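**Student:** Structure below; questions to follow.
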Amino acid sequence: MMLHNAKASDNNELDQAKPLIPQLSDKQKEALNDACGRIAPTWPLDELIAVNPWWEMRDQHISKVSAKLSALSQAQCVMPKSYFQEVWMETLQPQHVQQAIDEMEKDYTVDNLERYLLEEDEHTHWHNVSDFVDSGRDRKYKMAWRDEITHQISQFCADFFRLKDSQGTFSKTYQGLYHEWLATTRQDKGIEILMGEDGLTEHFMDLPESSESLLAEALVGLRVPDSQIADYAHALLLDANGWASWVAYLRWQDRLSNAENDLMMDFLAIRVAWEWVLWQHQKDSDRSVFNELKVMWHHQMSILPDLIATHEAAQAKSWIWQRAAEIAYQSELQQQLKHASRTDQKVETESPPVLLQAAFCIDVRSEVIRRALEAQDSRVETLGFAGFFGLPIEYQPAGTDVSRPQLPGLLKSGIKVTPVMTKVSKGATKQALNRKARWIEWGNAPPATFSMVEATGLMYAFKLLRNSLFPESHTNPINAIPATDAFELTQNDSPLTLDQKVELAAGILHAMGLDHDLAETVMLVGHGSTSCNNPHAAGLDCGACGGQTGEINVRVLAFLLNDESVRQGLLEKDIKIPAQTRFVAAMHNTTTDEFTCFGLNHVDETIQKWLARATEFARQERSTRLGLNHLEGQNLHQSIQRRAKDWSQVRPEWGLSNNAAFIVAPRARTRGVDFQGRAFLHDYDWQQDADNSLLTLIMTAPMVVTNWINLQYYASVCDNHVYGSGNKVLHNVVDGCIGVFEGNGGDLRIGLPMQSLHNGEKWMHEPLRLSVYIDAPQKTIAQVVAENDVVRHLIDNEWLYCFSWAPDGRIHRYFNNQWLESA
């Protein structure tokens with residue numbers, strides 16, 4: 001019995017000796033999930049679409065988000081005072097500033113706001129542990145911890161996600177992103193040597209094996225209060241915002257499939273681990289320095305809410321200047337809309353029959369070419385619709401297993417499209433893709449980097465010389481759509497039935513307003529761009545098509561709508577397509593303004609002449625922004641062609657720069673109005689939308705997409721270091737498509753390069769929040785807002801402006817559940 005008791009006693013002692021595994025409390029988990037949820041995604045280069053980098057914080061007012069980001073990471077969401085000084089001298093009027101003051105109910109005067117622009121900014125910001133340690137480090141002889149942490153995490157992620165991507169999934173031994181990083185870092189003795197810090201590796205060896213244990217241990221050790229965890233974690237994620245955004249993209253893709261992953265929490269754990277290692281290392285290295293660090297750290301933690309409040313107060317006047325700049329633009333635009341309303345009321349007694357209806361993407365670049373095409377003849381009618389033309393598809397080249405989405409990033413594809421081809425053509429396509437894949441795989445493999453240069457250097461030197469003297473366009477085989485008018489549409493590996501095709505076609509025609517009064521020729525115009533040696537080329541293509549050209553979408557839709565069996569089925573839905581009506585797929589090249597029509601036998605000579613003249617008109621209008629307004633005709637054409645094929649050209653076109661408005665109305669109300677390529681134009685007739693379903697669709701999809709585009713350009717101008725990708729000339733592509741580094745390291749860069757925003761002398765994009773004008777009853781607009789939280793957050797938190805545009809020209813702003821007449 002005594003022996004038994006002794007053994008029991010021994011076991012109790014052993015149990016007590018076992019270290020407890022740290023665990024997060026429910027409050028801590030909630031706070032960490034909050035921080036992880038604040039990061040917006042960035043898409044890969046081959047599917048590049050514009051993203052609002054503050055999307056995941058849309059439920060907060062933009063000024064509060066701005067203050068928090070400024071306090072936590074020095075990221076800027078509003079332009080600097082120097083910018084507003086220039087705007088004040090050049091374009092703003094006192095009445096614009098006064099109106100902004102009145103709107104925001106601030107006790108300021110125009111004079112003291114002007115003085116504010118001359119004051120120096122002196123505001124402290126949050127410092128992570130690594131920043132405090134760097135402040136006492138001899139930077140002449142030692143590398144900064146901030147730089148090393150960024151470099152180490154970035155290089156690890158580049159390698160890790162390259163391997164994951166090439167395999168299509170994680171390996172069988174994968175135990176989590178944090179675990180993989182920990183194993184890699186423990187084996188890397190070079191960090192200790194590089195940083196000149198003996199004993200550093202031991203602290204990595206002591207880190208917990210799981211991300212949750214690490215987070216729990218570090219939060220306790222660093223004495224982070226539950227109330228400050230979310231902001232502290234957010235600050236750490238902002239330290240590596242590029243890779244955090246990539247992880248957010250992987251999360252986004254999983255959620256489209258109703259799945260979840262823990263990558264963001266693991267990524268956060270990696271950054272927290274570095275904080276904890278440095279804290280422990282300082283504690284062991286120099287107790288007196290550590291004590292100073294501890295005092296500063298805990299003091300900073302205690303005043304974090306006050307720090308954020310200080311930044312909010314400091315930025316208040318800048319937001320008035322921002323609002324004044326937006327009022328200046330809105331005032332001018334609204335005068336155009338009011339004048340257009342007066343003109344629109346002068347109804348013609350007789351209108352010539354429409355010979356051509358051309359449906360374009362709502363992209364701001366389409367506004368210029370649409371206006372040019374309409375100017376050719378009164379029998380031309382254009383309309384605007386989302387560039388994927390309502391097709392929820394992904395494109396799979398014949399004879400392959402690869403596919404790409406052809407729809408907005410907000411949506412998940414449901415239909416797979418494959419060209420109908422002969423066996424010989426399928427085989428040729430497959431061989432071309434396999435050759436391309438092997439070449440890319442060889443070039444991207446780290447061990448092959450130098451051997452590839454040695455083996456192909458002479459060939460590439462010749463290629464470089466050839467491209468310099470005889471520039472030409474190059475197309476990836478997966479983007480080369482074969483010359484066929486037939487496509488196979490499948491869903492869940494089964495061909496679409498006729499009823500499904502009819503249902504799809506009917507929905508699209510109704511949404512586009514093409515379910516009645518059709519012309520003999522209806523052009524479906526997608527768009528794409530042309531540039532060389534441009535990692536961000538997909539960003540110049542159609543964002544609504546997932547960063548691809550719209551070619552496959554318009555060709556598939558034309559195929560469906562020209563199908564006699566589909567037309568017969570549409571009759572049962574009271575949609576009659578006249579026998580003489582032909583749908584023609586076409587492409588608008590936004591770089592050269594040229595049109596390409598597929599099936600020219602359906603486009604008569606008159607229409608071809610209209611298209612050619614419209615190209616000349618649009619090209620001449622755009623020449624000023626390109627710095628080519630000294631050229632005309634053929635000389636201008638040749639110059640633009642050279643730009644498009646020049647491998648050294650960093651500004652082939654200006655993309656969607658200077659976008660500022662989204663107008664939802666019948667084209668008849670805006671025809672002839674020069675929006676200067678700054679407005680997204682979406683056709684909509686509320687009288688054909690009895691159940692408000694079309695307006696709901698527009699405000700929850702295209703309006704959200706335009707917000708993403710608008711705020712990506714806005715953010716890339718406000719803070720290109722954080723939300724832009726820097727100097728295009730210095731870009732190095734990460735794993736073929738993940739993103740770019742600026743130079744050979746640092747964080748993954750997101751957003752737009754400087755050359756897409758600035759011409760070397762001035763900004764080519766004016767950073768203004770999107771102004772949305774909707775021709776619909778106010779009650780209807782308010783109902784859509786009330787029923788959709790995303791829309792309400794965007795409007796009430798001033799991520800965009802929402803206006804009603806009445807038939808008599810009156811304009812009212814909707815804000816906080818009330819309509820306010822706009823001056």
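Glycine too: its Cβ is placed from the backbone N, Cα and C atoms.
Annotation source Swiss-Prot lists Zn(2+) binding site at C361, D363, H527, C542.
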**Student:** C361, C542: which of these binding-site residues has the sparsest Cβ neighbourhood within 10 Å?
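**Tutor:** Each of the binding-site residues C361, C542 was scored by Cβ atoms within 10 Å; lowest is C542.
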**Student:** If one looks at the chain holding D363 (Zn(2+) binding site), which residues at least 6 apart in sequence have a CB under 8 angstroms from its CB?
**Tutor:** G387, H527, C542, G543, A544, T590, L656, F680
**Student:** Within 10 Å of the Cβ of H527 (Zn(2+) binding site), how many other Cβ atoms can be counted across all chains shown?
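**Tutor:** If we count other Cβ atoms within 10 Å of H527 (Zn(2+) binding site), we arrive at 26.
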**Student:** Could you find out if DSSP has H527 (Zn(2+) binding site) as helix, strand or coil?
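**Tutor:** Once the DSSP labels are grouped into three classes, H527 (Zn(2+) binding site) ends up as strand.
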**Student:** Cβ within 8 Å of the Zn(2+) site's Cβ centroid: which residues qualify beyond C361, D363, H527, C542?
**Tutor:** F360, I362, R365, S366, G387, G526, G528, D541, G543, A544, C545, G550, H588, T590
**Student:** Work out the three-state DSSP category of C542 (Zn(2+) binding site).
**Tutor:** strand
